[in-house]
Amino acid sequence: MGNADLRTLAAIEPKPFDELGGSVVAVDAHNWLYRYLTTTVKFTRSEAYTTADGEEVANLIGVVQGLPKFFEHDVTPVFVFDGGVSDLKADEVEKRRDQRERYEAQLEAAKERDETDAAEIAALESRTQRLTDTIVETTRELLARLDVPVVEAPAEGEAQAAHMARRGDADYVGSEDYDALLLGAPYTLRGLTSNGDPECMDFEATLSTHDLSWEGLVDAAILMGTDFNEGLSGVGPKTAVKLIHEHGDLRSVLAARDDDIPHADRIRELFLDPAVTDDYDYDTDIDPDFERAREFVTETWGVPADEVERGFERIEESVIQTGLDRWT
């Protein structure tokens, strides 16, 4: 999820949705789904997001509840899904899996205690959330029935989204992860799953504010710590930038301090030259099949109609109002 300390360095300004009309947002699909599953949909009634067979379907509620915000402001989302993971990312995934298993044990223990309050259980449930194959595949299918554009990344969806934005094929990246800055995303919208307006991280303004190159920003982040490495002891955002200014780059900093960060060059490459593709194509003129979408959510997966009907109505109304339905 990236190092939250990057926020200290990021140039961030509020971005009202009303100013986003006509834009295309390349959304990190896994990040967007995870936020909905852990912060939004989890607080609906429990039977609404789990089938009788125990399959989680909260993602379907999240898609239906989350899309109207885009369409009501004439914003086209393009959902970018993760592909494979690097060896270093696989190590991080394994660490998160181990941590999640510990939280799952705590959750089971909490449920067995009569005095455990609902807030504690909700917090533990959010920490044990995982994106299962079923969640990812049913999300793809629902987006397809709603004719919402999808791009398949060869590796990290966020890296692919940043690449698309740098090529001019998207106006913004949509992600809660501060690593979007390190991937060179020109403009990143955070808070797309919240009730209010999002905020926008500006890549070039961030570099200018701290007198850093893209490489320098990545080097500073590695010194602070990333998903792929522990940072140097006592090195926070201000110190990291100062060290890069004093020594020029990551290698020189490490040499001057007689220190080491394992796989530092590979980590740099993951941010500066990630696996991405130009082999994608999508149409922003959408043509939703609402009947098939409703059928998929409420009949195929058994989501209570009252949980999603207003969302479907808002999508349908907004598609008409914003002129996205070229077929009318």
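Just so it is clear, glycine is given a Cβ too, placed from its N, Cα and C backbone atoms.
Ranges compared are 284-292, 302-310, 320-328, and Swiss-Prot records region 'Interaction with PCNA' for 320-328.
Site annotation for Mg(2+) 1 in Swiss-Prot covers Asp28, Glu156, Glu158, and the matching candidate from Asp82, Asp219, Asp227, Asp249 is Asp82. Asp227 (Mg(2+) 2 binding site) carries neither a helix nor a strand DSSP state and counts as coil. Cβ neighbours within 10 Å of Asp227 (Mg(2+) 2 binding site), excluding its own Cβ and spanning all shown chains: 18. Among the binding-site residues Asp177, Asp179, Asp227, the ones whose Cα sits within 10 Å of the Cα of Glu158 (Mg(2+) 1 binding site) are Asp177, Asp179, in sequence order.
Sorting the region 'I-domain' (120-248) by DSSP state (H, G, I as helix; E, B as strand; all else coil) yields 65 helix, 18 strand, 46 coil. In this structure, the CA atom of Glu156 (Mg(2+) 1 binding site) is 11 Å away from the CA atom of Asp179 (Mg(2+) 2 binding site).
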